[in-house]
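Asker: I'd like to ask some things about the structure below.
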Amino acid sequence: MDLGQINPILLIASLMVASTPILLAALGELVVEKAGVLNLGVEGMMITGAVVGFAIGVNTGAPLMGFGAAALAGAALSLLFGFITQILKSNQVATGLALTLFGIGLSALIGKPYVGIKAPSFPRLDIPLLSDIPVLGPILFRHDLMVYVSLALVVAVWLILARTRAGLILRAVGENHAAAHALGYKVVRVRLAAIAFGGALAGLGGAYVSLVRVPQWTEGMTAGAGWIALAIVVFASWRPWRVLLGAYLFGGVTVLQLNLQAAAAQFPLASLPIIALLVLFWDSMSQQRRGLPLSTRRKVVYLAVVLVCLPATFLWWNVWTTFKVEFLSMSPYLVTILVLVLISVRGTHGAPASLGRVFHAST
């Protein structure tokens, strides 16, 4: 095992790249859920955005056009979900799952001619002067445009939700759609706009995977990123800044896992993303408890999770070495099942009150 070959600066810089698709998808899903809609079709929208963005990027030679097409494809697929759930009043969970299956199948069909083709290069955007700063320059100021766009979107979503009338209306619809309707707000229109926005960001996240992170098309290449994004929204208690933290935490441990595996570190590292999500979840739970001061509470929670999870991780090392591929394949779905259970158990703690509820104008 040679940990000396791991460059910490490159490790942190690659963290931002690995986290960007999850951050985009999670941020879009946060807006959707703030409007009171539970969309489990994020994975389907991401994989559709990935194949459409890749196809357009390859055929035009312009990755930016690929990103634009991916956003439109994600928005179109999400509006199909919106029509079925908001106009036809279908069950949101069942429709979201069907949307994911549809997106996976559609992407496999569209992507067949593009297997083995390399995507056009997406140039890195080095910020003048700042990119030359030692240590901080390579970490923060030598990334592609979409990394900075994702960070700007976090700020924009936070400002809109917290400081604008449009954000207030969106949150009102999510908290009590009947009251919002009584005040004259168009609940269905607000929700459809939020759904389209969430779909566009999911499409961008998928395109980032196929055009930048892994610049080629492979069937199923999003590998459960949409499910992880869904989980991060819940674990982050529906707060934009904590979604950023959750996405970077998950992306960070994923990059660390890959680097340590390359260094032949004998540790069940694929469990680290799950541990990271557990840490974020218990931290969000601690926000709502009373007793210890906030800072002390966080330290206690983090320490407790580490003390519990790390020994447990070592205990099933033998199982992990035997079923490594199977565990990696099923882990996003296990996390999603956990999220659905948590929504049902702690739905009143931080979640929009109308989340997942069908709106009827007569209510």
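Keep in mind that glycine also has a Cβ here, set from the backbone N, Cα and C atoms.
Grabbed the feature section from TrEMBL, which reads as follows:
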TRANSMEM  6-25  transmembrane segment
TRANSMEM  37-58  transmembrane segment
TRANSMEM  64-84  transmembrane segment
TRANSMEM  96-115  transmembrane segment
TRANSMEM  145-162  transmembrane segment
TRANSMEM  192-211  transmembrane segment
TRANSMEM  217-236  transmembrane segment
TRANSMEM  243-260  transmembrane segment
TRANSMEM  266-284  transmembrane segment
TRANSMEM  300-319  transmembrane segment
TRANSMEM  325-345  transmembrane segment
Asker: Take the transmembrane segment (96-115) and find every residue of the same chain, 6 or more past its ends, with a Cβ under 8 Å from one of its Cβ atoms.
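Answerer: Distal contacts: 38-48, 50-52, 54-55, 58, 77, 80-81, 217-220, 226.
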Asker: Let me check one thing: do the transmembrane segment (37-58) and the transmembrane segment (217-236) come into contact, meaning three or more Cβ pairs under 8 Å with sequence separation of at least 6?
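Answerer: Checked: the transmembrane segment (37-58) vs the transmembrane segment (217-236), in contact.
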Asker: How about the transmembrane segment (64-84) and the transmembrane segment (217-236): at least 3 CB pairs under 8 Å, pairs 6 or more apart in sequence, or not?
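Answerer: Answer no: the transmembrane segment (64-84) and the transmembrane segment (217-236) share fewer than 3 Cβ pairs below 8 Å.
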Asker: Cβ under 8 Å, sequence separation of at least 6 from the ends of the transmembrane segment (145-162): give me the contacting residues as numbers and ranges.
Answerer: 16-17, 20, 23-24, 27, 30-31, 34, 64, 67, 122, 125, 170-171, 201, 204, 208, 212, 240-241, 243-244
